[in-house]
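Peer 1: There's a structure below that I have some questions on.
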Amino acid sequence: MNIIVFPVAVFCAEAFHGNLILRDWASVPGRETGMNGNGPTKLVDPLEDPVPGVGTYEDFNTIDWVREKSKDRDRHREITNKSRQSTVALLHSVSDAFSGWLLMLLVGLMSGALAGGIDIAAHWLTDMKGGVCLIGFWFNHEHCCWTSNETTFQERDRCPQWQSWAELITGTSEGAFAYIVNYLMYIFWALLFSFLAVTLVRAFAPYACGSGIPEIKTILSGFIIRGYLGKWTLIIKTITLVLAVSSGLSLGKEGPLVHVACCCANILCHLFTKYRKNEAKRREVLSAAAAVGVSVAFGAPIGGVLFSLEEVSYYFPLKTLWRSFFAALVAAFTLRSINPFGNSRLVLFYVEFHAPWHLVELAPFILLGIFGGLWGALFIRANIAWCRRRKSTRLGHYPVIEVLVVAALTAVLAFPNSYTRMSGAELISELFNDCSLLDSSQLCGYKQVCSDRPAGKGLYTALWQLALALVFKMLITVITFGMKVPSGLFIPSMAIGAIAGRLLGVGMEQLAYYNHDWFIFKGWCSPGADCITPGLYAMVGAAACLGGVTRMTVSLVVIMFELTGGLEYIVPLMAATMTSKWVADAFGREGIYEAHIRLNGYPFLEPKEEFEHSSLTVDVMRPRRSDPALAVLTQEGMTVGEVEALVESTHYSGFPVVVSKESQRLVGFALRRDLLISIDNARKRQEGIVSASQVVFTEHAPSQAPDAPPPLRLRGIMDLSPFTVTDHTPMDITVDIFRKLGLRQCLVTHNGRLLGIITKKDILKHMAQIANRDPDSILFN
């Protein structure tokens with residue numbers, strides 16, 4: 001569910017560690033002239049002569065959606081009006097309208113090129129753990145043996161040009177010693193790659209670790225994390241993503257590619273003024289970039305757009321949908337031109353199943369959905385518990401050692417089993433594969449392959465190895481996701497589901513072979529027919545497990561059929577994905593990304609979470625009964641010194657303005673940063689302003705003694721229409737207002753008198769208390 005932000009006044013009342021937000025002065029009428037003893041003097045206007053820092057946001061604060069949308073409307077209106085006056089202005093108007101599409105083109109090209117490079121480099125380094133190409137060390141195994149005339153059908157991966165480390169060091173590839181040499185070299189490369197990855201992240205870009213999707217979701221909801229989408233993060237994430245994937249750790253590159261695409265978009269936004277200077281417009285571009293990330297990760301442009309819409313974006317207007325589609329198209333085309341998979345196809349796991357599925361098979365497909373949902377719920381709980389332990393114990397102080405220990409454990413346990421030794425993408429491709437006469441895989445170790453397929457010795461061996469690989473992957477993924485290296489969750493989750501699906505598929509296949517006369521097989525699975533396709537079960541299982549972990553539905557099904565080219569298998573995919581979501585939701589409504597957002601204390605109001613408590617705004621607002629009175633400004637009667645003292649003695653980033661402290665009638669709202677900049681500006685540039693000068697928020701200055709210093713008139717920085725609710729407004733309505741309007745705070749009144757204030761942080765803390773969670777876990781406002 002995506003939230004559309006409408007123009008309503010939004011203000012920022014409480015700061016995190018004194019971080020402040022400034023409201024745009026352009027949208028407020030009533031900029032006035034100040035009066036000093038010598039006659040009228042114009043108060044310096046920051047719009048005409050900008051003061052550094054005006055209109056920007058501090059780190060770890062939420063943007064003012066309304067102000068940003070208002071600024072963009074004013075800018076657009078001004079350009080439209082000027083375009084009627086001259087040809088140059090008309091051309092400027094056209095270029096402004098076209099700049100969004102040009103930006104999307106650049107984002108698509110840059111992300112597609114980076115993704116292609118990451119794919120090629122990761123493939124090369126992964127193969128380097130096994131050996132090296134003699135005709136050129138930069139060739140991976142497949143390219144090295146591409147032109148060889150000496151490969152045999154049974155051993156198509158072996159050619160004289162490619163030598164394992166044992167062959168290079170000992171001269172032979174057979175025997176126990178050669179196995180040990182290969183084993184040790186595999187561990188050595190795994191440790192080297194993981195050490196380089198974690199060291200680079202720690203030294204140059206701490207934000208380059210993890211998946212990036214929880215933070216992207218938070219940023220798209222309006223939060224600011226400086227540097228998270230910067231150039232250093234992009235460079236280090238690109239390099240370390242290749243190293244982390246190549247090290248053999250149980251992680252994927254798909255989630256981090258969304259982060260990489262968003263970094264590209266953020267950097268390219270600086271080339272265009274309308275995106276550089278407007279945070280809301282920039283978030284529209286970042287929504288499109290999230291679609292590009294999935295498009296290049298899976299070769300699934302439509303799935304990418306739906307992923308951005310369903311899973312990541314907070315505000316997704318129709319215009320962003322079209323631009324996301326265009327950017328995803330450009331990125332997919334760029335990736336196809338680079339052809340990193342070497343198969344001239346865009347899709348990662350192309351499948352070609354020959355037998356159609358039957359209605360009876362919906363039962364095992366739903367069973368896979370149940371498994372996916374149970375695994376998703378279990379994984380989220382286990383991973384969050386492990387991450388919380390990492391944050392709260394000494395384990396979190398040693399990220400390099402943690403990564404090295406997990407990498408060593410993974411390499412030692414993975415090497416003996418061919419299904420854990422291969423990369424996640426190779427494993428999934430193998431499991432999706434439908435056996436044919438040309439296959440030499442152990443999974444195709446049937447006694448005969450053509451029609452009926454009784455299991456042979458090779459298949460039984462493969463099934464045992466797969467069962468061990470399933471247990472290994474399930475355990476190791478829990479402790480791997482969240483370490484201080486780039487780590488995606490798509491491929492490991494799909495691998496777990498694909499293994500479970502393949503095991504069930506082979507079981508169903510053998511059941512049908514030995515029990516043709518059972519009533520469930522009669523009529524559609526006659527003797528001699530090849531009616532069950534284990535590869536299809538692997539595909540359905542992969543979708544079910546990924547759905548259980550992320551709670552994706554529509555976008556997941558579209559990604560899966562784009563990923564495999566299996567358009568006729570939409571119904572099994574839909575059945576498994578929906579079942580997976582229902583089962584997982586029974587144990588908790590949060591997906592893995594929402595759980596990590598909550599773990600990190602980000603101020604994210606989850607649109608999917610229902611507010612069922614019957615409290616009122618008066619129960620949540622501040623000040624509470626035991627708190628000191630609300631800090632307010634009066635519209636007249638306070639001096640500059642008193643205002644400065646109030647600002648310095650509190651940590652709030654905004655103050656309600658009332659008629660008087662006795663009446664508490666609300667007049668407006670002034671932001672702390674506006675006050676400080678205005679006072680500082682007036683002291684420097686307006687004659688006669690001193691600490692004894694009166695501060696007035698009224699339209700006309702009150703009469704003063706002839707010898708009094710001139711007043712400082714600040715009506716122009718006050719918002720005259722602050723968003724308010726009454727003290728008896730139900731909290732479920734207030735929460736909906738905050739979600740759908742992107743508010744950061746609103747004021748609480750009773751018959752026009754100011755009672756208190758509710759911030760986004762107050763709402764999140766209240767919701768945490770209701771859910772029996774620690775309210776102090778909400779770190780930011």
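Glycine residues also receive a Cβ, built from the backbone N, Cα and C atoms like all the rest.
Unlike curated records, TrEMBL annotations are generated automatically.
From TrEMBL, here are the annotated features:
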type     : residues : note
DOMAIN   : 621-685  : domain 'CBS'
DOMAIN   : 718-775  : domain 'CBS'
TRANSMEM : 101-122  : transmembrane segment
TRANSMEM : 183-205  : transmembrane segment
TRANSMEM : 225-245  : transmembrane segment
TRANSMEM : 257-273  : transmembrane segment
TRANSMEM : 285-309  : transmembrane segment
TRANSMEM : 362-384  : transmembrane segment
TRANSMEM : 396-415  : transmembrane segment
TRANSMEM : 462-482  : transmembrane segment
TRANSMEM : 489-508  : transmembrane segment
TRANSMEM : 536-561  : transmembrane segment
Peer 1: Per the 3+ Cβ pairs under 8 Å rule, pairs at least 6 apart in sequence, do the transmembrane segment (285-309) and the transmembrane segment (183-205) touch?
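Peer 2: Counting Cβ pairs under 8 Å (6 or more apart in sequence), the transmembrane segment (285-309) does not reach the transmembrane segment (183-205), since there are fewer than 3.
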Peer 1: Kindly state the mean pLDDT of the domain 'CBS' (718-775) in the predicted structure.
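Peer 2: A mean pLDDT of 86 is what the model gives the domain 'CBS' (718-775).
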Peer 1: Among 183-205, 257-273, 362-384, 396-415, 462-482, point out the range having the most Cβ pairs under 8 angstroms from the transmembrane segment (101-122).
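Peer 2: If we count Cβ pairs closer than 8 Å to the transmembrane segment (101-122), 257-273 scores highest.
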Peer 1: Can you tell me which recorded stretch out of 183-205, 257-273, 396-415, 462-482, 536-561 has the most Cβ pairs within less than 8 Å of the transmembrane segment (362-384)?
Peer 2: 536-561
Peer 1: Should anything in the same chain at least six residues away from the transmembrane segment (396-415) have a Cβ under 8 Å from its Cβ atoms, list it; otherwise answer none.
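Peer 2: Cβ under 8 Å, 6 or more out: 182-183, 186-187, 190-191, 193-195, 197-199, 202, 247-250, 390, 421, 472, 476, 479-480, 483-485.
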